[in-house]
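Working notes for the structure below.
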Amino acid sequence: MSWKDTAEPLLVRMPAVQRPEGHVPFKRKLTWTGGVLLLYFFLTNVKLFGLDIDASQQVFGRFSSILASGQGSIMQLGIGPIVTASIVLQLLGGADLLGLNTQDDPRDQILYQGLQKLLVLVMICLTGLPMVFAGGFLPADTAVANSLGIGTAGVQWLIFAQMFVGGVLILFMDEVISKWGVGSGIGLFIVAGVSQRLVGGLLTAPFLGNSEGIIYTWYLFITGERGTGPVLAADGLQTVLLQGELLGLFTTVLIFAVVVYAESVRVEIPLSNARVKGARGRFPVKLIYASVLPMILVRALQANIQFLGRILNAQLGSMPAFLGTYANGQPTGGLFYFLAPIQSRGDWMWWLEGTAQPVWQILTRVGIDLFVMLVGGAVFAVFWVETTDMGPEATAKQIHNSGMQIPGFRQNVGVIEKVLERYIPQVTVIGGALVGLLAVMANMLGTIGGVSGTGLLLTVSITYKLYEEIAEEQLMEMHPMMRQMFG
């Protein structure tokens with residue numbers, strides 16, 4: 001008896017959002033999407049009952065925007081468990097250990113979806129329990145424990161229960177948008193979090209109870225309330241570029257432009273319809289073929305490694321120096337320091353006197369981060385293409401089933417697949433590595449609002465794809481016959 005026969009009774013009974021029986025009108029899709037986004041914003045402002053907020057620590061740091069996490073809220077875990085479960089499934093699927101044919105076998109498709117949800121529930125527990133009980137990241141409020149009479153341990157379990165509910169909610173919110181809305185729930189949650197930080201980086205001011213945004217900082221420069229020194233001198237130029245966030249603004253605009261341009265770069269394979277004379281089309285293989293979503297997997301893997309290091313440091317008191325040394329919850333040496341991604345200019349600009357590490361250690365850390373993002377971006381892009389039916393074989397079947405063929409070639413799935421194999425694997429690797437390079441460079445130069453480079457890349461790419469999907473939906477609303485072509 002295989003593992004599929006053993007696990008099938010459980011996996012097929014995993015709760016799921018019902019698929020629409022027919023076509024969902026575009027306006028209704030927008031309603032579902034907007035409603036789920038409003039619910040997400042609401043839940044990120046629902047604080048965990050029983051949490052000592054003043055003593056709590058930021059768990060994910062700058063990874064929070066990528067993981068759509070709301071610090072100290074019921075959305076504390078964000079999409080982290082979903083992403084981690086996807087990493088595990090992609091690694092198992094890539095090694096062909098699951099034995100699931102998700103392309104042609106409906107039973108295996110149901111088992112895969114059930115296994116994914118089961119893994120998400122496991123990851124919610126594996127991520128949430130250490131936050132509450134092991135690392136001291138989310139301490140219980142003793143006043144609440146005394147008033148309820150359940151002790152500190154009881155309040156800790158209460159905090160974990162709320163986080164568990166939040167993790168399950170975001171899982172099904174993502175599924176609702178995927179089936180009834182526009183775009184991907186995970187992508188929209190990331191866009192929502194990053195957009196908040198971008199707007200905050202522009203508009204915040206001390207009198208609003210926040211730090212200084214770009215507009216307020218330049219108001220101080222222009223009115224003379226804050227001096228810059230001679231702009232042509234080194235100190236003055238540094239003040240304008242760094243404190244005035246001109247460098248961050250330039251990087252943000254540059255990333256927007258590069259991603260939009262990269263999304264438009266493509267190889268177009270001509271197609272024709274064998275049954276309808278004169279009907280022609282093109283299949284685009286974009287430079288960023290796998291999208292930037294696989295980059296979430298790379299950053300989530302790094303976030304989990306850093307999370308593990310902080311837990312070990314909290315539990316052991318002090319780890320062996322070769323593993324890691326910590327100050328204020330951040331690695332300052334050892335293996336975990338070298339594996340920590342570059343998050344800001346202060347992590348590597350040693351000439352600003354903001355780093356305590358020797359130059360060789362800083363450069364080694366930069367090199368490791370660059371290597372991880374380039375190789376990881378390419379590898380996870382390949383996994384993503386294969387597991388989302390975007391590979392040559394699955395795409396060839398889709399083209400063949402739609403009645404299209406490549407002019408000058410026989411109408412055969414194998415022939416179409418061979419043509420696609422000339423482009424898709426190579427473009428996937430190049431695009432994944434390019435996205436990794438852009439993410440590292442954006443982090444090193446800094447962006448508006450302290451948004452991570454990966455978060456900015458994700459936001460731009462997801463927004464661009466959302467625009468394309470909305471245009472496609474509107475086209476299908478105007479021409480219902482197009483629904484069969486788009487699927």
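Keep in mind that glycine also has a Cβ here, set from the backbone N, Cα and C atoms.
Here's what Swiss-Prot has on this protein:
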TOPO_DOM  1-20  topological domain 'Cytoplasmic'
TRANSMEM  21-47  transmembrane segment
TOPO_DOM  48-59  topological domain 'Extracellular'
TRANSMEM  60-88  transmembrane segment
INTRAMEM  60-67  intramembrane segment
INTRAMEM  68-79  intramembrane segment
INTRAMEM  80-88  intramembrane segment
TOPO_DOM  89-110  topological domain 'Cytoplasmic'
TRANSMEM  111-135  transmembrane segment
TOPO_DOM  136-153  topological domain 'Extracellular'
TRANSMEM  154-178  transmembrane segment
TOPO_DOM  179-184  topological domain 'Cytoplasmic'
TRANSMEM  185-203  transmembrane segment
TOPO_DOM  204-244  topological domain 'Extracellular'
TRANSMEM  245-266  transmembrane segment
TOPO_DOM  267-291  topological domain 'Cytoplasmic'
TRANSMEM  292-313  transmembrane segment
TOPO_DOM  314-364  topological domain 'Extracellular'
TRANSMEM  365-384  transmembrane segment
TOPO_DOM  385-427  topological domain 'Cytoplasmic'
TRANSMEM  428-446  transmembrane segment
TOPO_DOM  447-451  topological domain 'Extracellular'
TRANSMEM  452-466  transmembrane segment
TOPO_DOM  467-487  topological domain 'Cytoplasmic'
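Scored by C-beta pairs under 8 angstroms, the transmembrane segment (185-203) has its highest count with 452-466, from the stretches 60-88, 111-135, 292-313, 365-384, 452-466. Contacts between the transmembrane segment (60-88) and the transmembrane segment (245-266): absent, as fewer than 3 C-beta pairs lie under 8 angstroms at sequence separation of six or more. Take the transmembrane segment (292-313) and the stretches 21-47, 111-135, 154-178, 245-266, 452-466: counting Cβ pairs under 8 Å, 452-466 has the most. For the transmembrane segment (365-384), the most Cβ-contacting stretch among 111-135, 154-178, 245-266, 428-446 is 428-446 (pairs under 8 Å).
Ranking 111-135, 245-266, 452-466 by CB pairs under 8 A with the transmembrane segment (154-178) puts 111-135 at the top. Within its own chain, the topological domain 'Cytoplasmic' (1-20) has Cβ neighbours under 8 Å at 99-100, 108, 110-111, 113-115, 117-118, 172, 175-176, 179-180, counting only residues six or more beyond its boundaries. Per-residue pLDDT, averaged along the topological domain 'Extracellular' (314-364), amounts to 84 for this model. Counting residues 6+ beyond its ends, the topological domain 'Extracellular' (447-451) has Cβ neighbours under 8 Å at 62, 65, 194, 197-202, 213-214, 245, 248-249, 251-252, 255, 344, 459 in the same chain. Long-range neighbours of the topological domain 'Extracellular' (48-59) within the same chain, counting only residues 6 or more positions beyond its ends whose Cβ lies under 8 Å from a Cβ of the stretch, are 69, 71-74, 76, 131, 135-142, 144-145, 155-156, 158-159, 162-163, 307, 329.
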